[in-house]
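Enquirer: As annotated by Swiss-Prot, signal peptide applies to 1-30, with the evidence given as sequence analysis. As annotated by Swiss-Prot, topological domain 'Extracellular' applies to 31-263. The N-linked glycosylation site annotation in Swiss-Prot covers N45, N75, N85, N95, N150, N164. According to Swiss-Prot, the feature transmembrane segment maps to 264-284. According to Swiss-Prot, the feature topological domain 'Cytoplasmic' maps to 285-624. Annotation comment: Swiss-Prot describes 317-599 as domain 'Protein kinase'. Swiss-Prot lists V323, G324, R325, G326, G327, F328, G329, T330, V331, K345 with the feature ATP binding site, giving sequence analysis as the kind of evidence. For D434, the entry in Swiss-Prot reads active site, proton acceptor. The compositional bias 'Polar residues' annotation in Swiss-Prot covers 603-624.
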Amino acid sequence: MDYLSSMGSQTARFCLILLFLFYYLPCALSQDDLWGCGTPFRCGNITAGFPFLGGIRGEVCGHHSLKLNCNKHSNTTSLIFSGHNYTVLYIDNNNNSVTLGLSRQDFSGPFCSASFSSTLLSSGLFQNLPSYKSLTVFYACDPRRHFLGNFTCPVKGLGSIIQNSTYGILCDGSFSVPVPTSFVSEEEVLDLTHLESVLRKGFEVKLNIDEIPCPLECFSSRANCLFLAGSCCKYHDRTTTCGGDTGDLLREIIPNTRSILITIGQVVGFHVFIIVVMIIAFLFWRRKKVNDLRKQNLEALVTSRRYSYRQIKKITKSFTEVVGRGGFGTVYKGNLRDGRKVAVKILKDSNGNCEDFINEVASISQTSHVNIVSLLGFCFEKSKRAIVYEFLENGSLDQSSNLDVSTLYGIALGVARGIEYLHFGCKKRIVHFDIKPQNVLLDENLKPKVADFGLAKLCEKQESILSLLDTRGTIGYIAPELFSRVYGNVSHKSDVYSYGMLVLEMTGARNKERVQNADSNNSSAYFPDWIFKDLENGDYVKLLADGLTREEEDIAKKMILVGLWCIQFRPSDRPSMNKVVGMMEGNLDSLDPPPKPLLHMPMQNNNAESSQPSEEDSSIYSEV
């Protein structure tokens, strides 16, 4: 329910953002653009109204190809057309026509540095004046030939401005520019210096607009002219008359209430459709992401042997020998056909999702380490789910007693190496989230193996923060950040805390009479306080059995120091597991005393699980 509520809240916020972006914002901008049409563009000596754009004149105020730009530093106006920047020298509105003086900006400098491309203006929008003519400039010509009116550019090579049709064959490139007809003379040899001067002066063109008074009539009737295709349309009593059959069309819109409502209805309908499509696409994306993750985990199952439920019953002799019980299910002892002993965990029947089962099988399938329990197979038939592990004769750590300090140290070091492998040695990082004595199994040589990955989470190694929707683990071993994010973010450092509590229990739980509260049942939650006090007073030896050698005392103190380092409340203060292994393998003298924890955990039974209902472990072999 938390997930669905969170997802619904995210979807609602997503819809509101889309509604603002696709409806309210465009509507506001379109209204501003519409009423900005009454203000002419002004820059330096240039004043221009319809059909030009620029300044506060929006896209609806004129033709999209006639957008003017103002350089406020030089007070000059420019126009971009067909890939060229033009300086607008003047705009002349006389005799119901618009004449522009234009100069290509790349011709303002040396001719050889200009763009050797033709000046092309749309014949539908612009009309060439008879006083100007097109001049062809040839370049990249054959240097072995002689050309009249030639010039040489460093990059473009030999060129000519003589209008000779045969030059087009002898030269690799050419382009055309407008020049006054008086400049072009086929008889005389043209000079490049003269051409540069003429090009800087620019040329004139006329707009193909039939009528100019249209904007004044539009504004007097509180309407606006829009540029479409044809000529100028006038509004008289909400009717439209168009002048001329050629050129571009100007349409007026009178902002009456009915037209505004129709426009709003069209805009809302269109954008609601877009929003619905995007929401559906978003939900499909989320579903695909979840399915891809589940598929990725299921693919890991293929590498392990799959047993039928009938085979599982045969392996366990119809579930006759129970070796452990727990919140997730019951563990039975069994034998494979080759004689190997196995532990078979039968998960409780569930018709819901199988995430816990997939987590455990997928996690263990990706591991291969001497300190990680080996997965031998699984069963997945509808609601029947089972996991087959190697069987370890000595059961779990919590059932083992009378272990000497050296053996305890070897177990603690092995567990540290196993967790380090989960965090750094696998293709994907595995965070266990339930490190405790019941989940540390011992083989015939008392070598430890980390087991029970039902609460594990797989993530990429670069992920430093994990997202969890529930608190998982066992009270007394759960890191503070799993209870409240005020302590920090959940990460692989949560396993470090659990490991520290495990090590402290291995050392401090040996003198249970030290705990003053008889009802506390020696909860591991109280270890840090009184162990730290004994450590400060130099009485750490009292935590262990009598008759220890000096070497065993040093080992015990090192384990205590490492444990206290691991249970720091802030995750950033805890060492990573690879550093923990180094501390355990290193010398006691190289370890600095850790800071004293400022808080202590609530008093609880250390076998209670917060993520799942727990049951009392009733055998020598805990649930794996």
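Cβ coordinates come from backbone N, Cα and C, glycine included.
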Enquirer: Of all the glycosylation sites here, N45, N75, N85, N150, N164, which one's CB has the most other CB atoms within 10 A?
Expert: N150
Enquirer: Most Cβ neighbours within 10 Å: which of the binding-site residues V323, V331 is it?
Expert: V331
Enquirer: Rounded to an integer, what is the Cα-Cα distance in Å between R325 (ATP binding site) and N85 (N-linked glycosylation site)?
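Expert: About 81 Å separates the two Cα atoms.
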Enquirer: So of all those recorded positions, V323, G329, V331, D434, which one's Cα sits nearest to N150 (N-linked glycosylation site)?
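Expert: Comparing Cα positions, the candidate nearest N150 (N-linked glycosylation site) turns out to be D434.
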Enquirer: For the C-alpha pair, I'd like the distance in angstrom between V323 (ATP binding site) and N164 (N-linked glycosylation site), rounded off.
Expert: 104
Enquirer: Taking only the recorded positions G329, V331, D434, which one has a CA atom nearest to the CA atom of N85 (N-linked glycosylation site)?
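Expert: Its closest listed neighbour, by Cα, is D434.
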Enquirer: So for R325 (ATP binding site), how many other CB atoms are inside 10 Å of its CB?
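Expert: Its Cβ shell of radius 10 Å holds 18 other Cβ atoms.
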Enquirer: Between N75 (N-linked glycosylation site) and V331 (ATP binding site), what C-alpha distance do you get in Å?
Expert: 86
Enquirer: Which of the recorded positions N45, N164, D434 has its Cα nearest to the Cα of V331 (ATP binding site)?
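Expert: Nearest candidate: D434.
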Enquirer: Which one is it, among the recorded positions N45, N164, G329, that lies nearest to D434 (active site, proton acceptor) by Cα separation?
Expert: G329
Enquirer: Can you give me the Cα-Cα distance between N164 (N-linked glycosylation site) and N45 (N-linked glycosylation site) in Å, rounded to a whole number?
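Expert: Here the two Cα atoms are 41 Å apart.
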Enquirer: Please report the distance from the Cα of G329 (ATP binding site) to the Cα of N45 (N-linked glycosylation site), rounded to the nearest angstrom.
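Expert: The Cα atom of G329 (ATP binding site) is 88 Å away from the Cα atom of N45 (N-linked glycosylation site).
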Enquirer: I want to verify one value. Collapsing DSSP to three states, which class is the residue listed as 'active site, proton acceptor'?
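Expert: SS state of the residue listed as 'active site, proton acceptor' = coil.
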Enquirer: Among all the protein chains here, how many other CB atoms are within 10 A of the CB of G329 (ATP binding site)?
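Expert: Within a 10 Å radius of the Cβ of G329 (ATP binding site) lie 22 other Cβ atoms.
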Enquirer: Taking only the residues in the topological domain 'Extracellular' (31-263), give me the average pLDDT of this model.
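Expert: Across the topological domain 'Extracellular' (31-263), the average pLDDT comes out at 74.
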